[in-house]
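Engineer: Here it is, the structure in full.
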């Protein structure tokens, strides 16, 4: 029996990783990288620059913030609607920065565009944090917006401004914002030292505010942010996450001491196989573990143990898996928009594989051993699934390959562009485009949708928003993955 239990996980792992899909024809990762970054230009809010490449988009929401006497123009729409949610926007910016920090050297000419994508986010976050003791965390009323189907250029729904402050704390969104600014300061350290210092100084101030005035922003702003980007996981992980990035960016002892002192209090070891805009636990442990593996910080050893636990928890074929894999090989987590989990967790696998390689280490996982090569193979399998190696034979990236989603849940993409239809298209008038069986008239190149369900089935239909809606935080970690595989299409 012992022999059988040892062999079966190995066979299952081999089947998931090495069975050649009959639908595979190899992938142009460089092209996919270019498109994954181009997607962010389709999500831009505010005054568009002269070098805007997706020409069907135009200026929008130029007066955002005016009702509160501030300028909050710019930034990104999070998904297929016209709201600017600060929590996922900050996480998107953090992950774009981490993608560049770890994999920018392999992005070639696309590195320049990736850096631009980061700066579009940080320029907005600097506006949102310009007043000490205040963070503007949302522009737009989600209920009003979701009751309409309008392109952003025509938007006439409520542009209500929401903020956190000392009396109405939000350590989660403030901690993530601090992380984003700190991570981006590393990206700009050599490219623009003055801008980098501004980002780091602001990150320091925002983190101090998040830490001193503790609380979840969904308690302060429940009716505005829930159920859309409610903090379901608590704010503790964002405080550790923000401190980890500030430590990496500043190398100040105070942040190291904060992390060590608060590891247990802020629950670094909780839900170690989760990572996304709401839950940073796995990301914290992988990020901090790099220093342990580089031999620089033995006092963080427990974070490496947590990171090893994360790795073992998501290996296909492990005895007690904490994630599921579809028959087609896709990593599946409960809830909607599954591709956000696929790209975020795959990013961590790839990042950790590189850290292990430099340290010449592996992760023992009971009957299996997670080598750096194995982790890269798992991550690459997920990327290849997204790009078309799946039972549907469908690329889940718009504009990549011959077959991809044509009816994505996205207002700007599905409603005729301003150049094609110059007159205003009103709130309810847009419903006919939402309900239309026709493909979207504007190609949101590079958008990765929520993806198939556990049976590998996908309805190419706008009303199925959990599967057909793209988000910025699906693409942000994918940029790093594609940056790596564009230069390393085979693993060793």
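Along the chain as shown, residues are numbered 1 onward.
Each residue, glycine too, has its Cβ placed from N, Cα and C.
Reproduced below are the annotations present in Swiss-Prot:
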- 1-24: signal peptide (SIGNAL)
- 81: active site, nucleophile (ACT_SITE)
- 409: active site (ACT_SITE)
- 453: N-linked glycosylation site (CARBOHYD)
- 460: active site (ACT_SITE)
- 469: active site (ACT_SITE)
Engineer: When you measure from the Cβ of the residue listed as 'active site, nucleophile', which residues in the chain that are at least 6 apart have a Cβ under 8 Å away?
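Structural biologist: Expected: 142, 145, 146, 411.
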Engineer: Measuring Cα to Cα, tell me the gap between residue 409 (active site) and residue 469 (active site) in whole angstrom.
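Structural biologist: Taking the Cα atoms only, residue 409 (active site) lies 5 Å from residue 469 (active site).
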Engineer: Hey, what's the Cβ neighbour count for residue 469 (active site) at 10 Å?
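Structural biologist: The Cβ of residue 469 (active site) has 21 Cβ neighbours within 10 Å.
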Engineer: Roughly how many Å separate the Cα of residue 460 (active site) from that of residue 469 (active site), to the nearest whole number?
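Structural biologist: It is 10 Å, counting Cα to Cα.
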Engineer: In which DSSP state, out of helix, strand and coil, do we find residue 409 (active site)?
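Structural biologist: Its secondary structure by DSSP: coil.
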Engineer: Does anything in the same chain, at least 6 positions from residue 453 (N-linked glycosylation site), have a Cβ under 8 Å from its Cβ, and if so what?
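Structural biologist: 332, 338, 467 - these are the non-local Cβ neighbours of residue 453 (N-linked glycosylation site), listed in sequence order.
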